[in-house]
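First the structure, in the form of structure tokens, and then the observations on it.
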Amino acid sequence: MDMTAAILATVVTAATPLLLAALGELIVEKSGVLNLGVEGMMLAGAVGGFIAASLTGSLLIALVAAVLAGMAMSLVFAVLVLGLRANQVASGLALVLFGVGLSSLAGQGYVGQSLGAAWRLFPESWREIPFVGPALLAHGPVVYLSIALVPLTVWFLYRTRAGLILRAVGENHDAAHGLGHDVVRTRTLAILWGGALAGLGGAYLSLDYTPMWAENMTAGRGWIALALVVFAAWRPWRLMAGAYLFGGITILQLHAQGAGFGMPSQVLSMLPYLATVAVLVIISSNRSRLSLAAPGSLNKTFHPPA
Amino acid sequence: MLTLEARAAPSAALSILAPVVAVGLTLAAGYLLFELLGVDGGRALFVFFVRPVQDLYGLGELAVKAAPLILIGVGLALGFRANVWNIGAEGQFALGAVAGGAVALAAHGVEGWWTLPAMIAAGALGGAAWAALPALFRTRFNTNEILTSLMLTYVGVLLLNYLVHGPLKSPDSFNFPESRPFGDLALLPVIVEGTRAHLGVLLAPLAVLGGWFVLARLHLGYQIRVIGLAPRAGAYAGFSQRRIVWATLLGSGALAGLAGVAEVAGPIGQLQPAISPGYGFTAIIVAFLGRLHPVGVFFAGTLIALSYLGGEFVQIELGLPLAVTGVFQGMLLFFVLGCEVLVRYRIRLGGARRAVRGGAT
């Protein structure tokens, strides 16, 4: 049972950065914008948070810095695709390349440094509670925030007026514009929110998951987050299930390596990527349902009638 | 208030001028960046862009670095034109190196005139096979090729890693993860004395010519252009979207595989884990900077190759981190994409004069 609790705890931690980044991207895509730059924004958050933490010693300031770093990156993207109407796919890729370079430049002096003790929300004594304690109560606050954001995202999208406008803009930007909604403003806010959550997801990696900075430490998690949004058919609860499924696959691979399972470590490391491909193929083969789920204006440039 | 007004047709003059403006803006931003890092901006730009190519050896290095970028960039550009987003060229590059390298290792001791041609064919096939997977998934299951080609990159690089740690590891490498060095007949000969410029470098201009020929002279190129600009018009004309997806993915995969085998049979001379400084990803910038045109890709590839060399020079001479290269490349792509607006729109002060509606892109 201790083993099960330990595995569950590591699944939760492995899933958290994916869940955060994917929840942000879900909102962006619901507004009709495809931002492929999640990996770049996560790296900006990871390095920004780590630098702020080692300068100030405050994890709260570090999280704020990470959120701001992710938002700054997403703002560049917003200016390109909304202001200058640049191609969304290419602009997202640019964001990744820029984020990889900028984060390793900024983090140059911090490689290999590590932060002190991990950040825990609940008192140590709570961890004595059988099973639940070690599995669910031994995490930092970001983990609980990521879980709380799932129902909040559902509530926002389907129960608020702003959420309704966001979905309308994403489904048909011309119609939303005709009804008097500000397409560019809605999308800018959605993109910034996506940047904030990606930055937070990155910071979780460098502040809590492995409290250190290493170049390219996101290791493709930003791309897996993008795949999760497709996997979830743009639905938050399914997104959460997907994030935990992928967290589980990541952990499975680590445990298999640790147990000296008779397979080379490189082959085991392929598992999360192969699983992503397999899941994408299975999900997208159901053509009719997928086309119903994807926002109608996704990845289309809005040309406002003058 | 600035407003954008769509042009009836893209401006031809500006489509050549826009990348030049983007390069200019990147230089200005680079100057500021260097000043921010506490270095004299003018001197740093000189070291970055001029010092690397002041002698023959440097020019040879430029060709060695530009060739893979141009090879991959030409393939990607044709795909991007048709809205086929292969961003897994880095993995196809690795598979090309693996397939070509495996031939070289299998031929150990029995090499002949046939070895290099066989390696090159294997490299192109390896890259094309790796790109065939996203093509199959897209045409058969409607799976987004952006994500699948990218995921397969991680798999491909891990596969190369596994092979040089295991089955293809040299018996006398003192446990370093590397294959045995290729035999002399499995190496691309140097073509310019006193440099590292090897025979494989010539593949790049050939790819440019081939790409131009496909795009400008073949019906396939016409279909690529029509489907990219107006998918519905292409469908009415009876052009097969599936065929275009297959052709562009296999073509760009084969070119990336070629670049991969040329790299291991050229300057590297063996299989090892680190065979690419991100050529497959950087070639995406090359394709856009070259405005998705093979001839443009040639110039863009040369410029971006210079940024790799420049990064090494500012690292050695000014003590700046190598990551400056990535920042430069990212900024350049931002400016290129941003300047694209000049080609497609008029920028007006105040409100636009009349309602102009553009289509979706």
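From the backbone N, Cα and C atoms, a Cβ is placed for every residue, glycine too.
Feature annotations, reproduced from TrEMBL:
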- A:6-26: transmembrane segment (TRANSMEM)
- A:33-53: transmembrane segment (TRANSMEM)
- A:59-82: transmembrane segment (TRANSMEM)
- A:89-111: transmembrane segment (TRANSMEM)
- A:131-158: transmembrane segment (TRANSMEM)
- A:189-207: transmembrane segment (TRANSMEM)
- A:213-234: transmembrane segment (TRANSMEM)
- A:241-261: transmembrane segment (TRANSMEM)
- A:267-283: transmembrane segment (TRANSMEM)
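Stretch with the most C-beta contacts under 8 angstroms to the transmembrane segment (A:189-207), considering only A:6-26, A:33-53, A:213-234, A:241-261: A:33-53. Annotation: stretch A:89-111 has the most Cβ pairs under 8 Å to the transmembrane segment (A:33-53), among A:59-82, A:89-111, A:241-261, A:267-283.
With a threshold of 8 Å between CB atoms, the same-chain residues lying at least 6 positions outside the transmembrane segment (A:267-283) that come near it are 220, 223-224, 227, 230-231, 233, 242, 246, 249-250, 252-253, 256-257, 261, 290. Ranked by number of Cβ pairs under 8 Å to the transmembrane segment (A:6-26), the listed stretches A:59-82, A:89-111, A:131-158 are led by A:131-158.
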